[in-house]
There are 2 protein chains.
Amino acid sequence: MNDHEIFELEDVVLQEGATLRHARLAYKTFGTLNEDKSNAIVYPTWYSGRHWENEWLIGEGMALDPNEYFIIIPNMLGNGVSSSPSNTPPPYDNARFPHVTLYDNVGVQHRLVTEHFGIEKLALVTGWSMGAQQTYQWAVSYPDMVERMLPFCGSSKTSRHNFVFLEGVKAALTADDAFKNGWYDEQPIKGLRSMARVYAGWGFSQAFYWDEVYKEKLGFSSLEDFLVGFWEGFFLDGRDANNLLAMLWTWQNGDVGKTPGFDGDHVRALGAIKAKAIVMPAEKDLYFPPEDEEYAVGHMTNAEAELRVIPGVWGHFAGGGLNPEDTEFIDNGLKELLDS
Amino acid sequence: MNDHEIFELEDVVLQEGATLRHARLAYKTFGTLNEDKSNAIVYPTWYSGRHWENEWLIGEGMALDPNEYFIIIPNMLGNGVSSSPSNTPPPYDNARFPHVTLYDNVGVQHRLVTEHFGIEKLALVTGWSMGAQQTYQWAVSYPDMVERMLPFCGSSKTSRHNFVFLEGVKAALTADDAFKNGWYDEQPIKGLRSMARVYAGWGFSQAFYWDEVYKEKLGFSSLEDFLVGFWEGFFLDGRDANNLLAMLWTWQNGDVGKTPGFDGDHVRALGAIKAKAIVMPAEKDLYFPPEDEEYAVGHMTNAEAELRVIPGVWGHFAGGGLNPEDTEFIDNGLKELLDS
């Protein structure tokens with residue numbers, strides 16, 4: 001997929017101390033920036049997602065309408081399109097790729113938006129999962145720049161339980177000897193498939209499996225067909241073990257309180273948000289449960305923020321664009337927010 | 001631990017077709033069988049549990065009072081104390097241990113209870129998790145024998161989601177090359193530890209981790225200390241990889257509908273239960289959620305059955321004897337049921 005642009009970041013000094021040299025931010029845009037540069041939307045990617053896997057939320061007649069808005073999808077660092085373990089030359093290559101935070105990601109996105117496009121205000125930042133985490137980070141890092149935000153199925157701080165879920169994912173991937181501590185020549189296939197099986201129980205809700213929604217709505221012929229065809233296929237689709245682990249670190253360490261100036265105070269960071277917000281967890285999301293987002297909204301005391309739960313059985317993948325009803329729910333929220 | 005008795009089963013023809021020769025059922029009893037043999041309770045073990053890990057629910061003044069009842073704890077086949085991959089001589093040893101169903105387990109327990117003790121009625125069958133699954137199986141296999149049942153944090157049929165959760169656990173364990181398809185000389189430590197990390201996110205609820213209950217109530221010094229000290233320690237405590245996989249197969253294939261005579265009809269099997277029942281899922285159990293048990297109770301049309309949810313944040317481990325409040329809740333239910 002070469003349908004994207006590259007913003008040359010040159011040297012990026014990361015929050016954890018390393019310098020990522022000749023770093024590159026890959027992005028794709030939709031629509032046209034208007035004259036007063038007031039119609040820009042940033043829509044970051046999610047864990048392992050690439051820009052083309054975000055496009056389902058963009059389209060004519062939808063909230064993210066390219067006829068009306070200039071939509072930028074920046075690829076998260078580590079996702080294999082922007083600078084990542086798999087595409088960075090030595091010495092910061094592969095298992096030596098440095099730790100990257102959400103703050104770092106949003107920092108380089110901010111450079112793209114301001115230096116390259118000369119944009120001073122964003123009409124909206126939105127995203128799914130780690131894209132939602134980047135949305136929160138945008139609103140905390142640049143409170144005067146983000147006018148609206150709609151994080152869906154994410155959080156402002158990775159909860160301990162979410163951290164533990166990711167520990168299981170990581171352990172399953174790295175249990176494979178073929179992983180070789182990250183110095184493999186071939187992908188650790190057994191580890192990637194194990195990771196997929198671990199992920200499968202978390203990505204969708206208990207009720208999703210009880211109702212066999214993977215058959216009726218997604219067209220898989222059996223439970224095992226879903227585990228192999230959807231889940232194993234997902235992690236084998238051009239995804240790289242070190243990239244997955246780099247993004248996993250970013251996720252596990254997600255916390256807007258780590259933004260410079262807040263001294264680790266997550267609640268104070270939430271209080272700095274000024275963007276008008278609709279916060280959308282999914283009812284049965286097993287690792288970003290609605291109560292965590294209710295907590296966050298309760299601390300966005302400086303913003304007009306509403307909690308609006310996506311109903312239904314799709315769990316975390318309510319935000320994945322697979323279910324038209326959930327997509328419509330999110331799209332309606334985006335329309336309402338953009339019109340306000 | 002040699003504080004148990006062995007019932008020599010001799011040849012056991014299993015539901016899936018194999019014959020387990022010279023099979024042994026290990027059990028421990030508490031209290032004294034009364035003259036009319038009316039005070040017997042069967043209390044099976046759970047996934048990976050051994051009889052001594054059931055004892056927390058037994059004691060003077062508790063429902064399971066040895067002064068009043070004759071309590072039998074049979075060790076589940078595969079748990080390393082009864083016949084298991086780790087203790088069965090060739091050719092059915094280790095990775096070749098045959099598939100054992102819950103029906104098989106209850107069948108050999110029934111032989112112990114009737115042939116060895118001459119008991120014709122059971123005042124109660126109760127158990128946690130897979131112990132709850134065996135409780136259901138008792139009530140379906142021997143409906144005229146089981147007077148009362150109190151399955152806690154379990155199910156009558158392993159749900160698809162529960163199956164998928166176990167796929168992740170299995171994948172993490174077997175991803176370790178040291179597992180050698182089950183023909184290891186040393187335990188696959190990396191796999192066992194990976195399995196533990198996967199399990200960690202499932203065993204307790206999101207809220208349990210949010211509230212750091214592992215610190216306050218269990219005395220662990222940090223999240224990582226809990227993951228290593230509790231979870232990794234748990235799976236390294238004399239547990240064997242093939243044993244864990246044997247019991248995992250039993251669990252994944254749990255379904256009272258597979259009892260001979262019901263032709264796979266789970267609902268009809270539930271309808272055959274006559275035992276007076278209190279069914280106790282835990283509010284935030286992530287793999288045996290309350291709605292599944294509500295469904296089961298709704299189909300126990302031939303029994304006086306009540307759904308009673310254990311409240312709180314402990315998730316599946318509400319039934320593990322670690323939290324005094326949950327233990328009291330279960331114990332009170334048992335008292336009420338035994339007095340009725």
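Heads up, the Cβ atoms here are built off N, Cα and C, so glycines get one too.
Taking the Cβ of B:S129 (active site, nucleophile) as reference, residues of its chain lying under 8 Å away and at least six apart in sequence are, in sequence order, B:W46, B:Y47, B:F152, B:C153, B:G154, B:F288, B:H316, B:G319. Per TrEMBL, the feature active site, nucleophile maps to B:S129.
Per TrEMBL, the feature active site maps to B:D285 (among others). There are 29 other Cβ atoms within 10 Å of the Cβ belonging to B:D285 (active site).
Taken from TrEMBL, the feature active site applies to B:H316 (among others). Under the three-state DSSP scheme, B:H316 (active site) falls in the helix class.
Taken from TrEMBL, the feature domain 'AB hydrolase-1' covers B:61-183.
Across the domain 'AB hydrolase-1' (B:61-183), the model assigns an average pLDDT of 98.
There are 24 other Cβ atoms within 10 Å of the Cβ belonging to B:H316 (active site).
Applying DSSP to the domain 'AB hydrolase-1' (B:61-183) sorts its residues as follows: 51 helix, 20 strand, 52 coil.
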